[in-house]
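Report on one structure; see the data block that follows.
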Amino acid sequence: MNGDLNRLMARLGYQFQDLSLLELALTHRSVSRHRNYERLEFLGDAQLGQIISVALFEQFPEAAEGQLTRMRASLVRGQTLALVARELGLGEYLVLGGGELKSGGFRRDSILADALESIIGAMLLDGGEPRCREVVLAWFAPRLDAISPQSAQKDAKTRLQEWLQARKFELPTYEVTQVEGLAPKQTFDVQCSLDNVQQIFIAQGASRRKAEQEAASLALEWLEQQYD
């Protein structure tokens, strides 16, 4: 296990002094109701918001409060955190119960996002605020460099459409692939298809509109990484 954790710490860019904190940060509730990452997630969520808030405040001295709020929301939302977690390869190190493991929980956006926040909480306790901030800012550096008050004002579907039109690509298509539950507690799975690049992006939301926005955001982030 320690060898695996050493590889993970290399990916994170942080060396834990207390490995039990890292192990706890990787343990899902499906393994243990009492010893899991939820408390660390609570701490990491607050710390991440503070780190990103300060970074945006310093990076955009002329931005209004509303613009800062929208940029922060874009950076700390679940889909973005899940992408960062995938870039770090976090999913393969998660400790899941049998049911979650069989259902592919290590690929689920919500679990990946929660685990990333729990890692942040664990780093805060293990190494203190300055070191935690340094590591988190390194993870988010490409997104902080790319974001602007103007881009944060437009929703993801609009920004994706503008990006595609500017390059004379075909516009995306959206399709609901699954609806779970009963109203008003339904969840919608939507896929966004980009024919030009032969890619499909799938997201889930509490409404069709929210799911489409999340799928569009995933598509746009992938395109910007591949082409810009």
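Any Cβ shown, glycine's included, is placed from N, Cα and C.
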Residue from Glu41, Glu175, Glu180 that Swiss-Prot also lists as binding Mg(2+) with Asp114, Glu117: Glu41
Intrachain C-beta neighbours of Asp45 (active site), sequence separation six or more, cut-off 8 angstroms: Glu117, Gly121
Secondary structure composition of the domain 'DRBM' (155-225) [DSSP: H/G/I, E/B, coil]: 29 helix, 23 strand, 19 coil
Other residues, Cβ within 8 Å of Glu41, Asp114, Glu117 Cβ centroid (Mg(2+) site): Tyr37, Glu38, Leu40, Phe42, Gly44, Asp45, Ala113, Ala115, Leu116, Ser118, Gly121
Which listed residue (Glu41, Glu117) has most other Cβ within 10 Å, given these are recorded positions: Glu117
